[in-house]
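For reference, the structure is listed below as structure tokens.
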Amino acid sequence: MPMTDFLFTSESVSEGHPDKVADQVSDAILDAILDQDRQSRVACETMVTTGMAVIAGEITTNARVEYPKVVREVIRDIGYNDSAMGFDWETCAVLTSIDRQSPDISQGVTEGAGLFKEQGAGDQGLMFGYACDETSVLMPMPITYAHQLTQRMSEVRKSGLLTFLRPDSKSQVSVQYINDKPVRVDTVVVSSQHAPDVAYETLREALIEEVIKKVVPADMLDENTKFYVNPTGRFVVGGPQGDCGLTGRKIIVDTYGGQGSHGGGAFSGKDPSKVDRSASYMARYVAKNVVAAKLARKCEVQIAYAIGVAEPVSIMVNTFGTGVLPSNEIARIVREEFDMRPAAIIETLDLLRPIYRKTAAYGHFGRELPEFTWERTDRVDSLRGRAGL
């Protein structure tokens with residue numbers, strides 16, 4: 001029996017969170033390489049800690065990239081520009097350890113080189129995409145508000161409106177659902193790193209008035225909504241000084257905030273031959289078009305692959321009982337409409353471009369930027385036609 005009245009919570013972290021610093025560095029390196037050589041194979045991992053950034057991985061490319069320069073530019077743009085923060089773009093050490101892609105993997109993802117002649121998947125695995133009609137961007141409401149809160153904290157910091165904020169921040173939003181529909185925001189948590197000399201009450205009032213109330217619609221707040229602002233009382237030590245950051249540790253923040261499922265693979269630092277990334281983008285594209293076509297209010301798509309094999313080993317569609325047709329019928333329509341072989345995904349979504357640094361903070365999904373081709377809803381008419389609607 002489905003729950004009829006419940007709270008669902010999602011979180012987001014800002015571009016200055018140490019794990020997100022690592023994601024952005026990995027994707028900035030990927031972009032710098034793709035800008036010169038679009039056939040590159042990139043798997044770039046980053047670790048950031050007090051006074052140091054380390055990049056490592058497997059990269060096969062004809063591009064010539066000055067990796068330390070890219071790393072420092074990302075750290076500067078985020079706002080770590082003072083050694084008092086324990087992490088500073090000008091003075092941090094940058095260490096690199098880069099190898100080439102394994103030839104055994106390469107032959108499986110290079111057209112004509114492996115047992116199968118088509119470009120195969122870069123690894124086995126399962127990937128999910130999700131969409132629902134709770135927001136205009138067809139994303140769950142909790143993660144949508146959570147991302148907007150962390151983005152707003154970045155905006156007021158960089159614009160100079162709240163000069164005492166520093167780059168590392170987090171948000172969390174709990175939404176009440178009744179009969180599977182979001183009706184109100186129950187709890188908002190925001191935490192932001194700050195200068196040591198700001199009074200707590202000044203910080204709290206500023207974050208409520210200039211962040212929370214600027215993001216969450218007034219009709220979703222009521223007298224029972226709870227605000228928790230920097231609930232430890234002090235957040236001066238933050239960023240890579242406060243916690244070691246690693247690429248790929250915020251996979252739920254990157255996707256749907258815990259709604260839907262996740263196959264476990266991270267995105268950042270991976271070129272689109274890695275289906276962890278490209279097939280997850282494709283699954284979102286499929287699910288979003290199904291919901292936009294009003295074939296269902298909610299849609300989850302699973303795609304699974306074998307390494308070196310182009311055709312997915314399985315495609316599953318679940319509409320959670322909200323479909324105008326049975327899920328297996330929508331799955332049949334999806335298989336007819338979308339080509340989910342890796343090379344076709346790359347072509348359909350035009351993924352061999354330096355577009356990835358923008359994805360690495362504030363969510364890979366639900367932001368309708370021109371570069372985010374997987375957010376298009378250009379298959380609606382075709383899907384409705386196939387469904388006979």
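Including glycine, each Cβ sits where the backbone N, Cα and C put it.
In this view, D243 (ATP binding site) is surrounded by 16 other Cβ atoms within 10 Å of its Cβ, with every protein chain counted. DSSP assigns D243 (ATP binding site) to coil in the three-state reduction, outside any helix or strand. What Swiss-Prot lists as ATP binding site is H17, D168, S169, K170, R234, F235, D243, R249, K250, A266, K270.
A C-beta separation below 8 Å, combined with a sequence spacing of at least six in one chain, links D19 (Mg(2+) binding site) to V13, G245, L246, T247, R249, K250. Per Swiss-Prot, Mg(2+) binding site is recorded for D19.
Annotated K(+) binding site per Swiss-Prot: E45, in sequence order. Following the DSSP three-state reduction, the secondary structure of E45 (K(+) binding site) is strand.
If you look up Swiss-Prot, you'll see E58, Q101, D243, K274 marked as L-methionine binding site, on the strength of sequence analysis.
Among the features that Swiss-Prot reports, region 'Flexible loop' is placed at 101-111, with the record citing sequence analysis.
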Mean of the pLDDT scores, which run from 0 to 100, over the region 'Flexible loop' (101-111): 59
Tally every other Cβ atom lying within 10 Å of the Cβ atom of K250 (ATP binding site). 23
Per 10 Å Cβ neighbour count, which of the binding-site residues Q101, S169 ranks highest? S169
Between the binding-site residues H17, R234, K270, the one whose Cβ has the fewest other Cβ atoms within 10 Å is R234
By Cα-Cα distance, the member of binding-site residues E58, Q101, K274 nearest D243 (ATP binding site): E58
